[in-house]
Amino acid sequence: MADILDSRPHAFSIKLWPPSLPTRKALIERITNNFSSKTIFTEKYGSLTKDQATENAKRIEDIAFSTANQQFEREPDGDGGSAVQLYAKECSKLILEVLKKGPVAKVAARELISEDSVSPRETFFDISKGKRAFIEAEEAEELLKPLKEPGNAYTKICFSNRSFGLGAARVAEPILASLKDQLKEVDLSDFVAGRPELEALEVMNIFSDALQGSILSSLNLSDNALGEKGVRAFGALLKSLSSLEELYLMNDGISKEAAQAVSELIPSTENLRVLHFHNNMTGDEGALAIAEVVKRSPLLENFRCSSTRVGSKGGIALSEALEHCTHMEKLDLRDNMFGTEAGVSLSKTLSSFKHMTELYLSYLNLEDEGAIAIVNALKESASPIEVLEMAGNDITVEAASAIAACVAAKQDLNKLNLSENELKDEGCVQIANCIEEGHSKLQYIDMSTNYIRRAGARALAHVVVKKEAFKLLNIDGNIISEEGIEELKEIFKKSPELLGALDENDPDGEEDDDDEEDEEDEENEGNGNGELESKLKNLEVNQED
């Protein structure tokens, strides 16, 4: 039997930290009871009111948790036992301090705990305020002093808006190296502005080497004109990031080659939740590389690839890659050259999303076919859309009924932007009709520059002015008659702030096709009984259950 049974102890890895949310809540309740119930301590020092007890209990637990968590982060390979002990010790110490203060008036409850002894230590170090300027060695020595203090608790640093030279970078190097076990968020955006290329690249190398091996959750390298050379200068750091959750590479000159370098140098994207590539020259080939990063990021929630010169080929690649990102909440692809085919491809992806709240698809050349495919997909999806932007896509009245059906289905909608299209009166009235019932959260509508006349503007105004949460209607840049403008002002008489400026409206303007209504007939509609408006009001929105 002894040969069969191995009596040696087996190694189990049980993590004791962090405590679960229910555990933390239970501790807060116990602390509250210690303050307000009859105990030997409250008999000696006095008890607190229920409100005072609750307020202080929450504060004590939060401070103790923060202190213990910092301890745990310094020894990530441990089981968390020391953090648990520190958590309990801090709570006990702070509870006793509060009790010794004795009961005080409620107005002074926030001062029960000594600020010197329990205030959380500063965790965010930021030098970005003030004027944009070069920083050299001497100033860096003085500016970065707080980071050298023993036992500091900084987990987030921002060096943005200050241009580091070689001297300043060498001052920062050992300081950053000493902090890399505690840093979680690093913002190095716009930190080499105006430096010669060779110096800037060397500065990047220094920072990369200093931070290599950090357990960062967020890295911002935006506004540095990186290009491929800059991306590779940060190669050591990028390769070492195994827990990265947020990466920002905006306005960085990310070309095809730079995008390929990003894909190559970031091997671990399993935890990536936020990825921003706004305002780069990525193009279709670069988009293919970015698509590979997206494919490897199943937890991605927030993806921005706006103003990146991506055409149909790249748009289709990104759309297909996004199918792997079922947690997507915010998607921004504005200002690219997707076209109809990429729009249809994107619609297939959108139909599977369940958590999407913000969707920015303006200026993508979607046209009616792409727009209809997208809104039909959204209508059928479970996504609780709050923001929908499809401005500047050459959308005409042909797509209006599909858009209206989608909007009608999305009762969480907060903002709708359909500006710079060609929806005209008919499309505008369909949008107005679909939001007449419900949509209690709706705050902003932008239908500017849509060849809208008096009838469409009036229909929309009558609907939104009744919504309690509504804040702004933008219908500027249209062709509303002078009488129509006066009517709008009358509708918004009690709340003029809800109607945006009408400086760009052209009362004498004309539609660019042969189907326009004669302005004279429109003005003769009187109280809205004209034939056009009568027909529009009877339009139905086909909404499936």
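The backbone N, Cα and C atoms fix where each Cβ goes, glycine too.
As annotated by Swiss-Prot, region 'WPP' applies to 1-116.
Residues annotated as repeat 'LRR 1' in Swiss-Prot: 213-236. Residues 73, 76, 160, 180-181, 183-193, 197, 200-201, 204-205, 207, 242-255, 257-258, 260-262, 265, 271, 274, 276 of the same chain lie 6+ residues outside the repeat 'LRR 1' (213-236) yet bring a C-beta within less than 8 angstroms of a C-beta in it.
Taken from Swiss-Prot, the feature repeat 'LRR 2' covers 241-264. Summarising model confidence by region, the repeat 'LRR 2' (241-264) averages a pLDDT of 96.
Summarising the annotation, Swiss-Prot assigns repeat 'LRR 3' to 269-296. Residues 217-218, 222, 243-256, 258-260, 262-263, 302-315, 317-318, 320-322, 324-325, 327, 332 of the same chain lie 6 or more positions beyond the ends of the repeat 'LRR 3' (269-296) yet place their CB under 8 Å from a CB of it.
Sequence annotations record features per position, and here Swiss-Prot assigns repeat 'LRR 4' to 325-348. Sequence-distant contacts of the repeat 'LRR 4' (325-348), counting only residues of its own chain at least 6 positions beyond either end whose CB sits under 8 Å from a CB of the stretch, comprise 273, 278, 294, 297-312, 314-316, 318-319, 354-367, 369-371, 373-374, 376-377, 389.
What Swiss-Prot records for 353-380 is repeat 'LRR 5'.
The repeat 'LRR 6' annotation in Swiss-Prot covers 382-405. Residues of the same chain lying 6 or more positions beyond the ends of the repeat 'LRR 6' (382-405) and with a Cβ under 8 Å from any Cβ of it are 334, 350, 353-368, 370-372, 374-376, 412-424, 426-427, 430-431, 433-434, 441, 446, 539, 541-543.
The repeat 'LRR 7' annotation in Swiss-Prot covers 410-433. Residues 357, 362, 378-379, 384-397, 399-401, 403-404, 439-453, 455-457, 459-460, 462-463, 474, 477, 511, 517, 532-533, 536-537, 539, 541 of the same chain lie 6+ residues outside the repeat 'LRR 7' (410-433) yet bring a C-beta within less than 8 angstroms of a C-beta in it.
According to Swiss-Prot, the repeat 'LRR 8' annotation covers 439-462.
Residues annotated as repeat 'LRR 9' in Swiss-Prot: 467-494.
If you look up Swiss-Prot, you'll see 496-545 marked as region 'Disordered'.
Among the features that Swiss-Prot reports, compositional bias 'Acidic residues' is placed at 503-525.
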